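*Asks:* When I checked TrEMBL for this same protein, it listed these features:
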type	residues	note
DOMAIN	A:386-433	domain 'WD repeat-containing protein 18 C-terminal'
REPEAT	A:120-153	repeat 'WD'
REPEAT	A:192-214	repeat 'WD'
REPEAT	A:268-309	repeat 'WD'
Amino acid sequence: MAATAAGPEVVLSADAAGPQWSCSVWEPLSGAVITTYRGSSCGSRGLCLLNGEYLLGAQLGKNCISVWEIQRKDQLQQKIICPGVVNCLTASPNGLYVTAGIGDSIYLWEVCSGNLLIVLHRHYQDLTCLRFTDDSSHFVSGGKDNLVLVWNLYSVLQVDFVRTPEPRHVWTRHTLPVTDIHCGIGGPLARVATASLDQTVKLWGIPSGELLMSVLFDVGIMAVTLDPCEYYLFCGGNDGSIFQVNLFAGPVQRERNFQVDKESSYVFTGHRNRVTCLSVSMDGSLLLSGSHDETAKLWDIQSKQCLRTVNHKGPVTNAFLTTAPANMLNPDCKPSVSLPKFSRHMSTSEAAEGDEAGAITLSLQRGKQDVSESCLARAEELYQVMCAATDKQLLGDGENTRVRVAELEDEVKTLKKINRDLYDFSVQILTKQT
Amino acid sequence: NTYIRLSHGERGKMSKKRKRQDDFQKVKLKVGKKKPKSDNATNTNFKTQAVHVPEQLKTDASLPTNNRKLNVKDLLTQLHHYNSGVKQSALTGLKDLVSQHPSVITSHLSNILSDVSAVFTDKDPTVRAAAVRLLHFLAPRISGEQMAPFYPLVSAHLSSAMTHIVEGIQEDALKVLDVLLEHYPELLTESSNVLLKNFVELISHQKFSKEMKAGGKTSSWILSINPNRHITSQQWRLNVLTRLKKFLQTVVEGLSHSVENEAIFETDDRTGSEYMSTLEVNWEQYINGQQQIQLYEHSGSQPCIGVGTEDGLSSIENLKAFIKTLVPLLLDCWVEASPSQLVAPIPGNLLEPEAMMLMMQVLSIIQLLWKLMHQQDETQKLESWLRNQYLNDFKNHFIRNFPYSVMETLKPKKKDGTKKEKQGAAVLNGADHILALNLALCQVMVLLTNTSTVHLDTEWLEQIRKFVTESLSDGRKLSSHQLSGLLMVVWRLVLIQRNRGASEELLRAVYTQYQQQGLTLSVRTLLLHFFSGLYLREKSSNLLISRSKLLTRWLAGLPLQLAQLGSRNPLLSAQLINVIHAAAARANKELLQSLQSNVYRLYDPQDGTLVLLPSDMQHCLVQLVYFLPCISPELLSCLSRCCTMGRLSSKLATCLIRILHTRSSFGGWTTSLQDSVVKDVDYFSFLFSTLTGFSGDELAWLQNSNSNPHVRQTQFSPVRLYVTDLDQFVHHWTLTEVVCHCLSSIPSRIQCCDILQSAICKHLVGVNLLPDSTAGSVLTAVSQLIDPAFIPNECLLKFLASCCYSLLYFILTLEKNKMNDCLCRDLLWSSCLTALIHIPRLLRLMLQGVKVNGSSQEELPVIAQVLRLLLKQAQLRQHMVANAALLQQVIQDITNCKTGDGQEQWLTELHYWFSISITARPRGTTSLPVTY
């Protein structure tokens, strides 16, 4: 829905400052703030758009997820209470599933029913990052136990009571906690970039499960992203610099200039503290970075200049570029699916109880709430119309009524006669038998 | 060769008369007297001599010749001679020739090979032996590629020899096969189907079709016994099976494309597979253009060309058929070798050494067949097929008398010491062999079971388990080969077993091995791999071992072992560190506790493991700090000393500081406060002591060393400077930069400044003699951190001012010709400058400190130069103008105090710069009196 009605690109950024403004949406080129969503502050890698209709934010250090309807700016729509502190959160691009890293386990909810489908206990320590591939077929999780796991969504969802679901790949080559993950384009054939405190960024291939490349830096890397063409790898360092790694080799240069300042052509300098998040625009020309120095910066990738600095009131925890969902700009729109209550426990026990609990509530594509309301209303209306008709008939002119009463009385008489006959007949049969 | 025989004869002449008389004379023979010689006796009193002509007299220059001047053609023709002696000498001659002229091989290879291989089937054993010797000599000199085109021919002759009707030829064919196996394994495997059939035929013959029909289920091949052989049929089978095993071994290795390490315990992919080459990029090298990234070269597994031969053992049907043929034969061999066949009243599990060897070969061939099966696609199916087919046979034959032991054939006859020793060695050797046999049996049997069928096999698995446990825990030192075999069995048993107690018992047995002292590195490595593999798999498979107490105990023992190991064995340490790192990352409680208790031994700055090991392991240990559950102040002081003492490289030290920063509450990494393992106070003191770069003891020691040649002193500042050497200076400066960065990322700047100020006042102000790097670092840190809202106290400012002046003085008096000091001078200068710019009142205090009087004659030029340089700086102009009066006073003093006549150069320059920078300002302040 939202993808088809792709609007201009906007920046969503959130900080961990205070209660008054949690997430702001601004236009990248002018820096004009379009809208803000108020609520409590949002944890790192805990902000995501669900189907272009809802905005989910994991609250910092609390065990709940706040949900905004994207067109209602100011008011918090609902809160999803989770079993533990939510470390990271993401929604699948097709809008069907929501996963959250809670403690050392991954929770997976189905959006349409709100059922908790599965809890995966495979990490040994807290999760730091969860990402879906662009076709929602796989998701990748990284944790403080240095592990990166690649899960095939559908094999995870296949209910098998004998064995617990296994990840498709287990990547163990990082030696310190994993800080960020980026999934490239290509669904199951995508490449995954992972960043870690061990000062490396590693590039993996999902199809082969092999480590393709490892880049060793001087500082721990906190954020990583690829541009849409996957020509460049951007790595946000612990010290505030953003490194650009070209994933291609230039032609061999026969002539070399004497003293070219190489460093400057590969590093974006400007942040004073840890870079927490990075994002590249759809056309690959703009780079957005958020940092602990309470600013988000917008960079021109080609010239490595800072185009705009947006000040926040606290460390920026989330910032990403996205196409503006249609609902965001039009306050009259309503989400097509209402968000059900997310369950806190696995639904398998309920499903075992009986078919009633296992039933699926179908909701049609076009605005379930509207449809259901209108259906009820229409039924009511119909009922009223019918009632009115009969009332009119009943309470109409007197002559008609009298005739009708007579007819009815006749009918009652015949019915009584039939009843009597039936009674006599049955009594006869019964007495004969005994 | 030519023989000339010379003979001599003599014959006496006799008269007719006498002759006639003598003709009938009776000769009387008497006892005791010699019998007279008869007249017609031949006198054998001559000698013969053979004239040998071994060499041709002619010399042929066209072809190289051997010692006998025979060329290749002559020799090869002689090979077709009917006489075996000639053939043999031709073969030896050929060997001679080839050793003298290696070029002959390449030029006449086809002729040589075709003729020599034809002799494989020669009737005469000496000729065959010579042919084998020649082949042995030739093989290393002919490469596989050279051999390949002639190989079908050689192979045909070999097959013909193997299937020859004469036993001797068959036996020698095996020797030929040995040579070929050694040098051309890849060629042999190509023609494996023919050779395998030959092998089978060597020890058996096919039944006739009638018998086959009658036999029904039994296989069509039966073992053959040939009474004509001069060795027993058992020996013969042993010979054949040994070769068959070798051959299968090469086939297995050829198919798997890589030499399989025997002790792979399916650990996780920490090391990665060998097929993929990962691109390792170092950022520094990358930006310097030394490394290029070509990602598509590294984008996936490289294609591997499949083995094209379908007729060999690579197809499932062929393999199955071969197994069906071979395994019954092997079982028959086993049965005949097994002692229950013998009538002698010996217990069923005692073996003759020879029988034992045979059984060993049988088992290892079955193992190889198993490996071949594993290279097929449908391993599961094949496994269950094999199990159904042969499990009962195996149980009947193999397990019945298990475990086997060797019969002692040697009897103690002589009391000679050496003999005894020999015998002991033999017995020991025998024990090793028997262990190997039993082990192979275990391996074969264990392969036949899996998780789904384990409940059916409990009784014989119990036997195997008992054997393994006993042989592991009887206290003997096992070689790495034996141990790897045992561990493979244990590994499989533990993985498939559901019985927790039994697994625990097995693990305990392995652990007792592990606890032995003085194990060789390979054995220790093996055990480590075993345990770590087991531990790393704990979540991936639903094992019962995840909560195994033994595994936990093993893990908890690791940190202590690492600490005790020190620097004695870096390889072993690396393995230990890897396991500890993995377990720490998985937040294993027991390991972390044990690590915590051993942490001081590991990170001791003097003789801890950290400072003793090579740098890549140091890196791992530094990263391990991240996972420590609690970092105490004592540990922090240890770490700080490690950083500053230079035992860690600058890179590692910065890495360590950053990790600690991440773990502190300022790192912004952990969300909740109680998660931070470092207390803020301790963290600050760590940063400060790292910033200082020298411990309190060292500073105190410096104070006492008055007569140090490296001390610089100036009259106008109480701070004397100790000149550190360049390496230390650079190291310290790198650390300073990191510490400053860490301090600057702390949110509340003013408090941070306050803490720094009190620390400096407490620890450094009283010190008179400071290292130059320390003074510079402190200046840099304060100037970077200082906040406009923070007002530094008098004490700090005075200290900084005197530091600053001392440093400036030091820079200017440094020998200028030294290249190395350039860097150091620049760094110090920039630190002084930033301090003067950013810290208010510092310049004033410094100028106030300069109290020029007559006694400081030789320092005057230096002061003048300092002032001139400062006046030159545009950024400082604001401060200079503010302190213009003071500055003027100082300059006045200098001018007054200067003795000697005439305007000196430096003084003129000073006046000039003062005039243009202060007086000639665009917005000149009126309050300034202009004197010059």
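Every residue gets a Cβ built from N, Cα and C, even glycine.
Keep in mind that this is a model prediction, so the values were computed, not measured.
Relative to the rest of the structure, where do these features sit?
*Replies:* Mean per-residue pLDDT, taken over the domain 'WD repeat-containing protein 18 C-terminal' (A:386-433), amounts to 83.
Sequence-distant contacts of the repeat 'WD' (A:120-153) (same chain, six or more residues past either end, CB-CB distance under 8 Å): 45, 87-94, 96-97, 99-106, 108, 164-165, 167-172, 174-183, 185-188, 190, 192, 194, 196, 198, 204, 206, 209.
Below 8 angstroms of C-beta separation, residues 131, 133, 138, 140, 142, 146, 148, 150, 168-169, 171, 173-184, 220-226, 233, 235-236, 238, 245, 247 of the same chain, each at least six residues beyond the ends of the repeat 'WD' (A:192-214), sit close to that stretch.
Summarised by DSSP class, the composition of the repeat 'WD' (A:268-309) is 0 helix, 24 strand, 18 coil.
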*Asks:* For the repeat 'WD' (A:268-309), what are the same-chain contacts with Cβ under 8 Å, counting residues 6+ beyond its ends?
*Replies:* 9, 11, 13, 15, 17, 28-29, 31, 44-45, 180, 222-229, 231-232, 234-244, 315-321, 323
*Asks:* May I have the DSSP-based helix, strand and coil counts for the residues of the repeat 'WD' (A:192-214)?
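*Replies:* With helix first, then strand, then coil, the repeat 'WD' (A:192-214) has 0 helix, 15 strand, 8 coil.
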*Asks:* Run through the repeat 'WD' (A:120-153) and tell me, per DSSP, how many residues are helix, strand and coil.
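*Replies:* Summed by class, the stretch gives 1 helix, 18 strand, 15 coil.
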